[in-house]
Every structure is written in structure tokens, then in C-alpha cells.
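Handing you a structure now.
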């Protein structure tokens, strides 16, 4: 898709009638403008194709969508390259193994093969043991862990690529939760339609130790409505602690900022409580305080583990989203070796006179170095000297 036309030639700059009037004879009369006219004709056609799509996005939103599409294409290309590189590395290792076996005696070959089998068996046993511990932790979380719901009722507002992005975030949420020493119990509500189909394509999804509900959370958890708390950046209430009796809801929406305030509006209409993470108390975001689903889940898991919001935010939120730390509460702690050193530094000032021309320096009895030029004795009143003070900390 041509993107230059979107910026350079808006659709209102030339009408279809004018474009059709650009006959070959007209082009021949203006050879210097032929390239520009042809580009205009192509741009107009591309703009019509773009604007004719069944969408109500503004031009700025369309530009962002095109940028996102280019990013997705580049990401897919990079993924294909990594897959090819992985395949080549596996082939290279296989050949190296075969060459190693071919270069040793029969007895040594048997020892190498047995050693490799032992390592593989040990690795598989360790993986199986970790899986059992993970299942034990997740089953325990179902009984007495914190409960977090991911609301998937927004699939009709997302494009197929955005749905796929959300599915990937959910997969990451489950993986991070399984690795935690104190996991929570995750619920997926609204698992139907395209969203449900995409989730079922995930490997092993049917065996996930996670709550799955096709109905919306407001129906599935109607009996616990008074304990529902929707986490949204638009809320006025700041979340200070996680109450095990509460059920916290995270909006499952990837919309590139098209549907601002939709989760807050939904919570108000349903009459449930709302709260927001105390991000503003610890750091300043580069833009809005809207995070991805997996970032919110990981922050909550970190807080369950550490009971410290600051640590949770700084370990999860990417640096690009927090370029400036809040001076009152989010500066990094200094090491103990630097404490109390500020009052021990005794700065010394050394004055240096710098002339406007090249000079050779002589020591000044008052601590300042005077510079006199060679062969310029008696012309001190004509020299325009400048003084520069340099602070030198004492090392005593």
C-alpha cells in the first residue's frame, strides 16, 4: 500500500473529473509536470481506496492504523527470519554432532551418546517437576488466591489483528502467573465468537488452570456484584491495597486509544466499583496511564509478592513509558556507601586567568595563575584576561 499519497495529496485537492481530463495530449503539453500529475492520479486512486473502506476513522487515526500495519508486517518478517535462523542453527548443531561422532572411536561414541541421553532425561525430569509444582500453585490459587477477571466483551470493537494481539497478551499473563510463587486465580469472561476461536487455537488452552466463562462477568458473577472492582485509569478512587475478598476486573481491549473511557462508562452503567492503580504517586508517565493487559496483570502479581507499588511499577512498566521519575517518591535508592558524603565534600576553588591570546603561565601568589605572552612585557594593561573558577573536591 502506498503511504506517501496519504500525506502529500489529500483527496480534496483534485477531483475525479479533473483527473479524467488529464489526457495524453495534456500530458504532452506539460512534460515538466508529467511526474507530478501521474503521482497525483495515483495518490487520488489510493486515497479513494482508503476512504472507501467501511470505517469511521479520522485521517489521523488512519495514519496510525497504517503505521501499525507496517509495524505488524515488519514484526512478522522478523519472526520469520528468527524462525529460519533457529532452523539453520539446529541443522548446524546436528552436523557438528555427526562430525564429532565420526571422529572418535566406537567406544567413545557410545559414551557420548549415553551422556547425551542422560542429560536429556535429566532435563525432561526437571521440566516435569516444575510443571507439577506450577499446577499445584495454580490449583491452590483457585481456592484461596486473589481473583482477577479479564473482561473479553470488547471483541466487536477490535480488528482481527488487535484480537490476535490481545490473545497473545492473555497467553503471556497465564505464563507469568504460573511462574509466580504466589499466583492469582485468573478468569476469562466473554470467551465467545472470534475471541473464543482465537483462544482455542493456543496450544494447550483446554488444559489451562484458569476460569473460563462464555457469559459476561456481570452475569457469571452476579451473586458477588458488591465485590466487583473494575480497574480503569479513568477512575477517581486510587487502589492502595489488594483485598482478597474483592474481584478485580481488567478490561481486555486493544484499541490504539480509539475508545477512551469505555471501561469507566461500562462500570458506571453496571453499578460496580471502580479504582485505578496508584501510578501517579510514584512515577510520571510519558503519555497516558493506560497499560496493556499483561502489564496490569504483572503489576498486580508483583504487588502480591512484594507489597510495594513502587517496586512493582518500576519492574514492569517499560522505560519508554516512564522517562521522568517523580521527585517526591520514585527516585532510585542510593547505595549505603554514598550516604552522608555530601557534607564531607570540601570544595576548593582555584582561579585561573585565561588571556585572549596564547600565553605561558606563571604562578600567582594569591592562588591565581597569570599568563604573560613572550615578548609582550609592559603591555599588561592591554591584555584582556578572563577568570575561570573550577571547583575541586577534596580527597581528604
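The backbone N, Cα and C atoms fix where each Cβ goes, and this holds for glycine too.
TrEMBL does not curate its annotations; it predicts them automatically.
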For the region 'Disordered' entry in TrEMBL, name the matching range from 44-97, 98-151.
44-97
Between 0 and 100, where does the mean pLDDT of the domain 'SAM-dependent MTase TRM10-type' (134-324) sit?
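Mean per-residue confidence for the domain 'SAM-dependent MTase TRM10-type' (134-324): 89 out of 100.
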So, by DSSP, how many helix, strand and coil residues make up the compositional bias 'Basic and acidic residues' (69-97)?
29 helix, 0 strand, 0 coil
